[in-house]
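A.B. asks: Please see the structure below; I have some questions.
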Amino acid sequence: MRGSVECTWGWGHCAPSPLLLWTLLLFAAPFGLLGEKTRQVSLEVIPNWLGPLQNLLHIRAVGTNSTLHYVWSSLGPLAVVMVATNTPHSTLSVNWSLLLSPEPDGGLMVLPKDSIQFSSALVFTRLLEFDSTNVSDTAAKPLGRPYPPYSLADFSWNNITDSLDPATLSATFQGHPMNDPTRTFANGSLAFRVQAFSRSSRPAQPPRLLHTADTCQLEVALIGASPRGNRSLFGLEVATLGQGPDCPSMQEQHSIDDEYAPAVFQLDQLLWGSLPSGFAQWRPVAYSQKPGGRESALPCQASPLHPALAYSLPQSPIVRAFFGSQNNFCAFNLTFGASTGPGYWDQHYLSWSMLLGVGFPPVDGLSPLVLGIMAVALGAPGLMLLGGGLVLLLHHKKYSEYQSIN
């Protein structure tokens, strides 16, 4: 099943200055992003001709001289493989016999191989839960006592084809534990909604991350699951591929502008290598109600990345199939909420979103509201100085024209 749409690609608000724009253009040249004005975006569920349908979603964004591939799958834990090529003709090749075997190496390829400019992956390995009862925000371990985590490799997922929406370029992976003796997910689910975009814009709901045709958005929602404590905090364990012996870098950006995400002045980024390369971008906020707003905002904390042994993590067949078995993994945790304030316990709802992309991460310019406030704040003193100068000038002129009668 497939849906496609022409989408405009451009810097838009991503360029704070002409000098920075030229710098970005020069460095983007190796990635084949020069001159990209449009991208043809398509979503396709790759069929398994050998047996039951498997959830393998391919997002393909084709430009004049480049292609971006995002391959999502719930085979094992939910994962995405990101690939950027310098040709509009690169294709995804899937060998289902290999992919579903105990040794899936080579079961997933982007061809031609020599066109690949960047590739990496994210794997959402575990759903975490902590008991924050009687824990203060100033405690040494403010998250509280951990419950046994839910391995996402042991989840049962919906048929992704049923949720594929070509009109919005979106699809949703929705799952629950296969073994749930306490029935904590009897009326609940964990959902990962993936969406590609036809142009640079913002969603209507917070945190309103600026996106382009070079990005796709992931919205994670925990809905209706029964917490194991009265004030449970939830989180996600996330694994990614290291760059050689090193882990990707985590950066924080701060702003004076919070119009798009009220009371949130920070943007977090995960960067694979030096720019331009791949990135993940999110605001450190989650929401305990739908739609999200200031009153339901929860803090989102990201732990430092650390090297992780592959055998200690739930394994993703698509990551193994594309990258092989000899890889350095790094992991970090995202946790949502605090022991005080709003939380999942309010409505048994939690949502958080991030952007994934290739190239330079979108950069927020100042919103029209903030620009207006700054113009007034900076313009008023200037007008007062100008007015004062005119008064002094006219006053001086009046006295200079006075002639003594003597």
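The backbone N, Cα and C atoms fix where each Cβ goes, glycine too.
So Swiss-Prot lists these for the protein:
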SIGNAL    1-35  signal peptide
TOPO_DOM  36-372  topological domain 'Lumenal'
CARBOHYD  N65  N-linked glycosylation site
CARBOHYD  N134  N-linked glycosylation site
CARBOHYD  N159  N-linked glycosylation site
CARBOHYD  N187  N-linked glycosylation site
CARBOHYD  N230  N-linked glycosylation site
TRANSMEM  373-393  transmembrane segment
TOPO_DOM  394-406  topological domain 'Cytoplasmic'
MOTIF     402-406  motif 'Lysosomal targeting motif'
A.B. asks: Just the number: how many Å between the Cα atoms of N159 (N-linked glycosylation site) and N230 (N-linked glycosylation site)?
C.D. replies: 33
A.B. asks: In whole Å, note down how far the CA of N187 (N-linked glycosylation site) lies from the CA of N230 (N-linked glycosylation site).
C.D. replies: 17
A.B. asks: In this predicted model, what is the average pLDDT of the topological domain 'Lumenal' (36-372)?
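C.D. replies: Summarising the topological domain 'Lumenal' (36-372) by its mean pLDDT gives 90.
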A.B. asks: If you count other CB atoms within 10 A of each CB, which of N65, N134, N230 wins among these glycosylation sites?
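C.D. replies: Output for this query is N65.
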A.B. asks: Are there any residues at least 6 positions away along the chain from N187 (N-linked glycosylation site) with a Cβ closer than 8 Å to its Cβ? List them or say none.
C.D. replies: G224, A225, S226
A.B. asks: To the nearest whole angstrom, state the Cα distance for the pair N65 (N-linked glycosylation site) and N134 (N-linked glycosylation site).
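C.D. replies: Computed Cα spacing between N65 (N-linked glycosylation site) and N134 (N-linked glycosylation site) is 57 Å.
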